[in-house]
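Read the structure below first, then the notes.
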Amino acid sequence: MFSQCCILFLFLFSVVYASYPAPGACIGSCWAHDPALIRRQDGTWFRFNTGGCIGIWKSRSLSGPWVNVGEALKGGSIIPIEGNKSLWAPDVHLIESKYYMTYSVSIFGTRNSAIGVATSPDMEPGSWTDLGSTGLQSSQSTPYNAIDSNLIKSGDHFLMNFGSFGGGIFQVPMSDLPTKIDTHEKINKLAYNATGRHSGEGSYMFHRHGFYYLLYSAGTCCGYKDKMPSRGEEYQIVMCRSRSPSSGFVNMDGTDCTQSGGSTLLASHDDVYGPGGQGVTTTESGDLLLYYHYANRTLGMADGDYVFGYNYLKFRDGWPYVTSAHEERTASTEKTRRK
C-alpha cells in the first residue's frame with residue numbers, strides 16, 4: 001500500500017451515497033498509515049502502522065487516548081532483502097489463541113518485495129516472533145507485487161490477498177496455519193484496473209450476509225502537500241462482492257472487478273481527504289467497524305500528518321455503507337428500548 005504516488009484514472013466507480021458522516025473521535029497519538037486495528041480479549045485496542053519496524057499503539061477505547069508503546073519487530077524483518085528495516089502494511093488476526101501479523105518488505109517504486117509473518121501471544125512490544133517469509137516474493141519480472149497482505153479464513157483454510165498497482169489484487173491459498181503459502185495452488189487475480197496507472201491496492205476482505213466483500217484503496221495515496229491530485233483522483237475506498245472468496249467479484253452495477261469495476265464506499269468529504277489503507281473489524285457489541293487513514297485538511301496534508309479514522313458499517317440492499325458512531329449508539333439504544 002505504500003506505493004508510489006500516481007495519477008488516477010477514469011475508473012468505473014459508482015458512488016454509493018453523496019455524503020458521508022464524520023469519522024469517530026481520536027485523541028492522543030493518532031498518526032496512522034495503513035493501520036491494522038484489533039481488540040484484544042481483555043478489551044484493549046491495538047493499532048499497528050506502516051513504517052519503521054511496525055509501530056504499536058494502545059488504547060482502552062476506540063476514541064483514545066492512544067499511546068505509542070513501541071514496535072512489533074524491533075530491528076526489522078529477518079527476510080534477507082533490501083527494505084527489511086522499514087516494514088509496511090501490517091495485517092493482524094487472532095487465530096487459535098495466537099496473534100498472527102503479516103507484513104510487507106519492499107523498496108518504494110519497485111516490485112522487489114516479500115510478505116512476511118510474525119506471531120505473538122498478546123501483541124505487546126517484545127512479544128513478537130518473526131517467522132520470516134511466507135514464501136511469497138516478487139521481482140520486477142513478476143506480474144504482481146508481493147505487498148499489502150490480508151488474511152481471510154474460508155471454511156477450514158486460510159487465503160491471503162495481496163497486490164498493489166501493476167497487475168492488480170491477487171490471492172493465494174495458505175498451508176494449514178497461515179505461515180506459508182500453498183505452493184501447489186495457483187495465484188488468482190481478484191481485481192484489476194485497466195486504466196491509467198492501474199491504481200488499486202491494500203485490499204481487505206470480510207464475510208457478511210452470505211457475501212465476501214473485497215475493499216481496496218484506489219487513487220493517489222500520498223504527496224498531497226507537494227502536489228494535489230485533480231479532484232476525485234485522490235485515495236478512496238472502493239468495494240466489490242462475490243459469493244465466493246476467490247472469484248466472481250463485481251461492483252454495484254454488476255461490472256466485473258477484474259475489468260475496472262469498483263463502487264465507492266468512502267471518498268473525500270468535509271475535512272477528510274484521501275481516505276484509504278482500510279480494514280474492517282468487529283466491536284465488542286458485534287458491530288462492524290471500518291477503519292482507515294486520511295489527511296485532515298485542517299491539521300495538515302503531509303504524509304506525516306495522516307490520522308486514524310473510523311466509521312461503523314451498515315447494509316442496504318446487500319451493500320455496506322458508512323455511518324457515524326452517534327448513529328450506531330442511537331440505533332442500539334432504540335433497539336434496547338424496544339425489548
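Glycine is no exception: its Cβ is also placed from the backbone N, Cα and C atoms.
Computed from a predicted structure; not experimentally measured.
Annotated features in TrEMBL:
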type     : residues : note
ACT_SITE : Asp34    : active site, proton acceptor
ACT_SITE : Glu201   : active site, proton donor
SIGNAL   : 1-18     : signal peptide
Inter-residue C-alpha distance, Asp34 (active site, proton acceptor) and Glu201 (active site, proton donor) (nearest angstrom):
11
Three states by DSSP: which one describes Asp34 (active site, proton acceptor)?
coil
Around Asp34 (active site, proton acceptor), how many other CB atoms lie within 10 A of its CB?
28
